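Here the structure comes first, spelled out in C-alpha cells, and everything after it is commentary.
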Amino acid sequence: MIGVGDMVLLEPLSEDSFLENLKNRFDHNEIYTYIGSVVISMNPYRSLPIYTPDKVEEYRNRNFYELSPHIYALADEAYRSLRDQDKDQCILITGESGAGKTEASKLVMSYVAAVCGKGQEVNKVKEQLLQSNPVLEAFGNAKTVRNDNSSRFGKYMDIEFDFKGDPLGGVISNYLLEKSRVVKQPRGERNFHVFYQLLSGASDDTLKKLKLHRDFSKYNYLSLDSAAVNGLDDAANFRTVRNAMQIVGFMEDEVQSVLELVAAVLKLGNIEFKPESRCNGTDESRIKDKNDLKEMCELLGIEQSVLERAFSYRTVEAKLEKVSTTLNVAQAQAKTRHKVMGVLDIYGFEIFEDNSFEQFIINYCNEKLQQIFIELTLREEQEEYVREGIEWTNIEYFNNAIICDLIEKNQNGILAMLDEECLRPGTVTDETFLDKLNTVCAEHQHFESRLSKNSKFLTDHSLPHSCFRIQHYAGKVLYRVEGFVDKNNDLLYRDLSQAMYKANHSLIKQLFPEGNPAKVNLKRPPTAGFQFKASVGTLMRNLQTKNPNYIRCIKPNDKKASHIFNESLVRHQARYLGLMENVRVRRAGYAFRQPYEPCLERYKMLCKRTWPHWRGPAREGVEVLMTDLQVPADEFAYGRSKIFIGNPRTLFFLEERRRQCLQDLAALIQKIYRGWKCRSQFLLLKKSQIVVAAWYRRYAQQKKYRNIKSATTVVQSYTRGWQARKLLRELKYQKRCEEAVTTISAFWHGTQIRREYRKFFRANAGKKIYDFTIQRIMQKYFLGLKSTMPYRFLDGVHTELRRIFHLWRCKKYRSQFTEEKKAVYEEKLEASEIFKDKKALYPSSVSQPFKGDYLEITKNPKYQKLSSAMEDKVLLADVVNKINRANGKGTARIFLLTKNSVVLADHKTGQVKVSVPLPDLSSVSVSTQSDGFFALKLKEGAASAVKGDFLLSSERLIEIITKLHRTGATAADGEQLDIDISDEFLVQFKHDKVCVKFVQGLPRNGNSASCKRKNNRLLEVSVPTTA
C-alpha cells in the first residue's frame, strides 16, 4: 500500500505529515484515504481504472478495512448495515465546488445498484434511479470557472429498500436552483447544459418544430465565450438525456412539452423592451420586435395579446378595487416502513469574485452540513464518552454554531433581517438592508462591513461600501448586497402567472397553479430565504435520524488539471473541514459502540452460556460473552449503557465468529429440515407403495385369473375338438362303408348290364359311328363356309332370323315382369315417346324411377284428413310451386292425381284449394329447356275454369305429365290430353291472357329457373345455361 491508508494509523501525526501522506497517495493514483470510517476523496480530474465490475465484486461483502481504501468500501458498509442490521443510512458528500461530489454520488448509486438483488422489476427500478442523474444534471448543472459540471442546485435522494435489500424506488428532493443563471452568467461560465444540448443534439426536424436555430449567437441567454467546453459532447449528452427521460418514465408527449418549454425560455431572452412616455407623464414599456414573442406564444399556446399585456402591465388590488399600472423597462426585464439510504449531493462551498444572494445561501447550507458533521463526529462523540463514564481527554475543535446563528437566528440573524426588510412597508432597498446589518451585527466577530460601527473596518479598502464580509468556517467571503432584496422576494406578478395559466400547454398550467383565477390567494408568498431555511432544517432533521457515512471531497488544484497537487489549497480545505481534529478524536476514541441489548442479541450465539436465551441483565450477558471469547481487556470498555470497542480488528473478529456460527446454525437448520423432508418423503413413498402394491396385487390376480380362464378355454376347445374329430372319424368310416357297399353294388350292376349290352352294341355300333362321323364332317364344312361367306343370298334370311331371335328374347324377358313393373316400363316408354329429343330435362329423368306417391299420403298422419277426402286412389302425390301471375313468385301446394281429377291442396294445413276433373283439362304446355315449369290449360266454359289456367313448377315434371297423359287417355270419355312443347305459350288468368316466355340466363338462386313479371302481359322465365 502506498503511504498510510487510514490517517488514524499515521505516525507521527501532524498537519505536514497529513498533507504529505495525501500527496504521496495522490501521486500514485490512490485518491481515497480513510479517517476511521470517513472517506477522503481527492479529485483526479481524469478517469481511473478503479471502477470496473471486477472492483465491484472485489469489495462486495468485504469488511471496511479489509482492502485498500475505496468509495466502494463505504458504499458496501452502508448497504450491508441497512440490509443486515435494519439501520437507515445516509451518505453525506461534502466539499468545495469542483471537488468531485457529483461523481462520488453517482459512484455510490452505481455500486448499490450493482450489488443489490436481480429481477425484471428490480432492474427496472435500478435503471430508473441511475438514469435520473443525466436528467437532473442537464437541467441543474452548468459550467463554472471552478467546475465544468457544477451542480447549481442541491440534491438529496432517499432510496427505499425492501426487507431483502432490493430497491423499491426513490424520492429526490432539490434545494435552491440557481434561477438567476438563466438570464445572466458570470464571465467564463455558461448557462445550464440543457440549452446547449438541445441546440447541438436535436435533429433538424425537431429544431424546426421548436422554431430554433443551431447558432448559439442568436440567443441572448447563451454566453458565447464559454459555449464550447473541452471534454463535453453536448450532442451525445442530448441523446443520453432523451434516452434517460424515457427510462425514468417520461412519455413522448411529455418530453416534447419539456423541449417546447426550453425553446420558449430561449425565445423569451430575445424579447427586448423600449421605453415610451404616456400623455400623463408616466413611463411605460413596449416590445421592440414581436417575432420572437409570436413564436413563443405559438409554442406555449398563449394568445399574443394576453402575454404582451402581462409583460407590460401589472394589476394592483386595494380592498375591492383593481388598478392596472404599466411596467417600466427595468421591471419588465427583471422577472410501509421501508429501509432507506439517503445520498446527499449538494453544492459545495463557493468563493467567487462576485458573490451574491445565491452564494450566501449555498455557503449557509455548507455551514449547516459542517455543523452536523461536527456534532455527530466531534462534539457528540466526546460528549458520549463523558456521558457513558469512559475516561477521556477533551480535544479542542472549532464549532461553527456561532456562524450558523449569525445567519439563521430568529430575530437578529441575517436571513430574519432580510425577510423583515422585504415585508416592512415603505421604501425598501439593498442599502437599507445593509444599514440594518451594520446596526445589528456590527459587534459580531464573524461579520465585517465598512459602514458598521466597528471602527477597525473603516479604513479597510478591500471591503467596498456596498458589501459585507462573513468569516465562514472555510474562509472569508465578500458578498455584494446588490440584488439581495429582489432575489429574496422572488415575486412573480399575478398578471404573468394568470397569463401562463391561460396557455393551452399542459406543462405550463402545472407550473403556474397560482394563476388559476378561481384560486387567487392575496396572502404574500414566503420569501426564498425563508423557504430555503425551512428546507435545510427539514434536511438536517432527516439526516439526524439516519446513521451517517461521510465522504469529504477535496480538489487538489484550481486549474482542473490532473497530476497537480497544490499544497496550500489542500491545507486550507483540510483545516476548514476539521480533518485533523477528526483524526485526533478517532485516535483517542473507540471505533465502534453499541448498546448492550442489541450487542447481546447480535453476538449471543458465540457463547454457550448466553445462547439461546440470557436471563439476566444485558450488561452481564455482554461481560460473560467477552470473557468467554477471551477478548483483551484493553481493546474494549464498558460504559453505562453501551460497550465501546477500540480496535476495528476486534469488531471484525466478532463478525467473523458470528458468520461462522451462523453458518453452523444454518447447517443445523438445514440438517433438521432435510431430515424432516426425507422422513416426510419416506412416509409418503411408503403410503404410495402400499397403494401401488395393493393395486398391483389386484392386477396380478386378475391377470392370473384371465390366464387360467384362457387356459381352461383352450383345454376345453381341444377336448371338444378331439371329441368332434373322433365323432367325425366314426361318421366318415360309416359313410365310407356305405359308399363302398354302394360302389360294389354299382360295379356289380354295371358288370351285369355291360354283359347284357355287349350283345346289343355289337349289332348297332357301326351305324352310330358312321352317323357321328358324318355329323362332324358337316359341322366342319359349314364352319369353313362362315369364314369365306360365298352365299350372299342368305343375308336377308340371316337378318330376319336375328330379328325373330331378338323378339323372342324380349318376349321371354317380358314374360318375367310383374304387373307393377310392367306398368312402370310402360310409363317410361310413354315418357320417351312424348319428351325424347323434345325436352332438355328428359335425359336426367331416365335413370329416376317413377315412384308416384312421394308424400306417402296414406301413411303420413299429417295428411290423414286429406287422404280421407280422396274418393279415388291417388296415383301421384308431390309438392309443386303454384306461380303467382302478379310477381312471378311460387307458393308451395300439394299436387294430387287420381283417376278422375287433379287436386291442389295447402302444403301446411292439407286443405283442398282446387279440384279439377280430368275431362276439364284441354292441354298441358311445357318448354323445351331444362326447367320444371308447366301450364295446365282448362277448357273454356268448364266449371273449374273460373279462375283461369294453372302455371306450376316441379322437379318431377316428366313423371307428372306422363301420368296425366296416361290417366287422361284411360278416362271415361277417352279423350287424349294434348302436350304442347314450346318456349313461348299463352296462359289464361281469369279474363287476361299472359304470355310465358323462356329465355337462357346466368345461374341464379342455386342454378334453378326463376320467374319474373315483365309487364301485365308477359312472364319471363330465366333458365340457367347448362355446360
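Just so you know, glycine gets a Cβ as well, placed from its N, Cα and C.
As stated in TrEMBL, the feature region 'Actin-binding' covers range 536-558 out of the listed 536-558, 720-742, 835-857. Long-range Cβ contacts of Gly95 (ATP binding site) within its own chain (separation 6+, distance under 8 Å): Ser41, Lys101, Gly348, Phe349, Arg552, Cys553, Ile554, Lys555, Gln573, Leu577. Neighbours of the ATP site: apart from Gly95, Glu96, Ser97, Gly98, Ala99, Gly100, Lys101, Thr102, residues of the same chain with C-beta atoms within 8 angstroms of the site's C-beta centroid are Asn43, Asn147, Gly348, Cys553, Lys555. Model confidence over the domain 'TH1' (839-1025) stands at 84, taken as the mean pLDDT rounded to a whole number.
Secondary structure of the region 'Actin-binding' (536-558), assigned with DSSP and counted as helix (H, G, I), strand (E, B) and coil, comes to 9 helix, 8 strand, 6 coil. Within 10 Å of the C-beta of Thr102 (ATP binding site) we count 24 further C-beta atoms, all protein chains included.
The Cβ of Gly100 (ATP binding site) lies under 8 Å from the Cβ of Ser41, Asn43, Cys553, Lys555, each of which sits 6+ residues away along the same chain.
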